[in-house]
Amino acid sequence: MENLKKMAGIKAAEFVSDGMVVGLGTGSTAYYFVEEIGRRIKEEGLQITAVTTSSVTTKQAEGLNIPLKSIDQVDFVDVTVDGADEVDSQFNGIKGGGGALLMEKVVATPSKEYIWVVDESKLVEKLGAFKLPVEVVQYGAEQVFRHFERAGYKPSFREKDGQRFVTDMQNFIIDLALDVIENPIAFGQELDHVVGVVEHGLFNQMVDKVIVAGRDGVQISTSKKGK
């Protein structure tokens, strides 16, 4: 599995060239993309500026001497490469398993090209088997939790080391055990209207390309948006 992730990450780095502003994703597959960008800077003299999607990726990039700017210092991002937890046939996805969904969506939005790198196990017919992360402000989080409970969404606060997990933006994450999401776009809009919700892990029709590593090699699928 790790080898497949590495294949996808290295392939994605081929979409990066000199002079670009590059969004560096977060997660186990995006990790290999960041490593490859670091290698190309060191060995090939690649010249780019990067923005990161989490404190974890910032630390990795700094260790590789990748030049960084904050998202507020750039007008746009040429290409962002990130992982995904699930991807359906309509190019909708669930992200946020690593807890960085808000920053990931902030960086993805001004990106001219948005690419996901995944192994073939992440491809699904319908989203929802992977718990959907919802980032909520700490104030009133229990109210949001009870709202989800009443709606039958089987919520649980994400925890780490026996404490509630706190994101880089100092928010909590409520994971929803939905089993299947029949209409991701409508459900995303529903979550957008819940007061106290900062962002959710549904990335609907945002991605341009999905690079999939599997037993038969690396395949690249292009969405309608990316054509």
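Glycine too: its Cβ is placed from the backbone N, Cα and C atoms.
Residues Thr26, Gly27, Ser28, Thr29, Asp82, Gly83, Ala84, Asp85, Lys95, Gly96, Gly97, Gly98 are given by Swiss-Prot as substrate binders; from Lys11, Lys59, Lys122, that same site also lists Lys122. The CA atom of Glu104 (active site, proton acceptor) is located 11 Å away from the CA atom of Ala84 (substrate binding site). Lys122 (substrate binding site): 21 other CB atoms within 10 A of its CB, across all protein chains.
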